[in-house]
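For reference, the structure discussed in these notes is given below.
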Amino acid sequence: MKEIKGTIASPKGFLADAVHAQLKYKNLDLGLILSQVPAAIAGVFTTNKVCAAPVLIDRQIVKKGQARAIICNSAVANAVTGEQGYANALKTQKLLAEKFELKAEEVAVCSTGVIGVQLPMEKIATGISKLSQNEGTAAYFAKAILTTDTQTKTINFEAEIGGQIVNMAGVCKGSGMIHPNMATMLAFITTDAKIAQALLQKTLSEIIETTFNQITVDGDTSTNDTVLLMANGQAKNNEILEGSSDYLLFKEMLAKVCQSLAKQIAADGEGATKLIEVTVKGAPNDLTARFIAKKIVGSSLVKTAIFGADPNWGRIISSIGQVANFEVSDIELKLQDELVLYHSTPVDFDAAFLSEKLKEDKIEIIADLNAGSGLGQAWGCDLTYKYVEINALYTS
């Protein structure tokens, strides 16, 4: 297995494009992913009870298990838009299906942007009419789905599976309202692997728990969170079967794609200057370790301390104590590989030296609870003045 350069359309049988539909002032805002043959589709969605119209539609598509295309607009979330919003999402499906001679129920729709605003359907229709099946425009898709993001987020891997080279590509957006429990977070993954839809869904659901569900920027879960994975079988590999060595390799590749995308989202949190990676080990079990890791990385006090390069490890210990349901009297804690706590007792360290290390753009926090073999990670970012500025003026 190796990481390669590519786009969301690098796996065989996929195409992608994007246009400026004038939903934004000047940037690309309407993107398409198209499989040239029917593809198995898996998905995981927001747990927010107020979910967007596209989420309702896509849940049904994933339930049926097959799709040909994904269309995604930015700038307008099409959430809390009532019956008209749902009708607009269905209309978007229909327009794209007619354009590329597909069935409407084969088209997944996604939206991201401001909540409570209706889609401008004339602009959507005009934009769809401009989408094409050109092979040279796939890289544009990653730009079209952005909102407050400062950069595109992509990843590509390939591996030999079932006697063939299998490609997997991922693209995502997300910068604010990131606290998935599955933020706004959208992620799209394509692969030319041959694998049954039920196994595809099972695998994605498992991997989501240790990747996308372990990132947080601001503690808010979006109405639109969506992860979609399409597998069209065009690599012509022997079908991947659960429990086989091919399956383990496929699952590892999907985990790498999802973790890379999740970390890219965390690093690009609104106003962020640093990626924070928290590793908790020695917990009673993995689930507890992941829960504690996410609590630490989501703490506003921890996030602001990291922004200020302040080695205030007490805030980390406080976060652990708030959620631990077991005895925590033997904690070992490291910041940037510097030991600050051993057997729950403070260790002398050079605060000025550690403060300098906390100015780096990736911060690593490792907590060993010495209470079991559970291991978990979570990712987030620092909390800055810029975050407040961005969100105070978001709809202005």
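Using the three backbone atoms N, Cα and C, a Cβ is placed for every residue, glycine included.
Look at Swiss-Prot and you will find THR184 tagged as active site, nucleophile, backed by sequence analysis.
Under the heading substrate binding site, Swiss-Prot lists THR147, LYS173, THR184, GLU270, ASN391, SER396. Note on GLU270 (substrate binding site): other Cβ atoms within 10 Å of its Cβ, all shown chains, come to 25.
Counting other Cβ atoms within 10 Å of each Cβ, the lowest count among the binding-site residues THR147, ASN391 belongs to ASN391. Taking all protein chains in view, 28 other C-beta atoms sit within 10 angstroms of the C-beta of LYS173 (substrate binding site).
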